[in-house]
Amino acid sequence: MGFQSTTAQLMTAPAYTCGAISALVVGIIADKVGWRMPFIVGSQSLLVVAYSILFSKAAAIADNVALCYVAICMACAGVYPILPGCNAWTINNLYGLEKRNAGIAFMIAVGNCGGIPGSFIFLSKESPRYPTGFGSSLSFALAGIASALTLEFLYWRHNKKYEGVTEEDAMATYGEEKLERMGDHSPLFKYAL
């Protein structure tokens, strides 16, 4: 964007502040509503808008500094709530302490590995447009939306399949010990949407 180093560093504060506030607000609202998918998809959608702006306007960034800066703030506001939302969704949908612990550890590890490809997709030779970086980021955001919608559908379908099963019916069919071993495959287990 053409700023000197000190100014460039100061310009990061509002973007990261937007991200922190967004993560906090989205997390609180998602907890109150009790439904994770719309907030994950909403955050990913904000990323799609932000990366679309950056992808299309970065070539003429000198003429679009304000718009690109707003898009960067939008990207931070979109990306920060995603990992906490996905982590909460994971924890809510894994049965048993061991499975839940392994699941959240895996989610955090995978989430933290996202910075590795991010370091290599913004190629200096493509400056200032960065089509590989913004295009890849846009693709990942779209894939995230598709994944969240697919997961929501699969969870909904499982819950619908076992909607009429009562605890008495399940106990009579499987027995208490087998139901406990079945974990999240039990007809009594309901996925959090």
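The backbone N, Cα and C atoms fix where each Cβ goes, glycine too.
Per TrEMBL, the features are as follows:
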TRANSMEM  12-30  transmembrane segment
TRANSMEM  36-54  transmembrane segment
TRANSMEM  66-83  transmembrane segment
TRANSMEM  103-123  transmembrane segment
TRANSMEM  135-156  transmembrane segment
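Contact between the transmembrane segment (135-156) and the transmembrane segment (12-30) does not hold: fewer than three of their C-beta pairs are under 8 Å, each pair 6 or more apart in sequence.
Here the transmembrane segment (12-30) has long-range neighbours at 36, 39, 42-43, 69, 72-81, 84-85, 88, meaning same-chain residues at least 6 beyond its ends whose C-beta is under 8 angstroms from one of its own. Same-chain neighbours of the transmembrane segment (103-123): 83, 86-87, 90-91, 94, 130, 132-133, 136-137, counting only residues six or more beyond its ends whose CB sits under 8 Å from a CB of the stretch. Here the transmembrane segment (36-54) has Cβ contacts under 8 Å with residues 22, 26, 29-30, 67-68, 70-72, 74-75, 77-82, 85-86, 88-89, 92, 130, 134, 137-138, 141-142, 144-145, 148-149, 151-152, 192-193 of the same chain, all six or more residues outside its ends.
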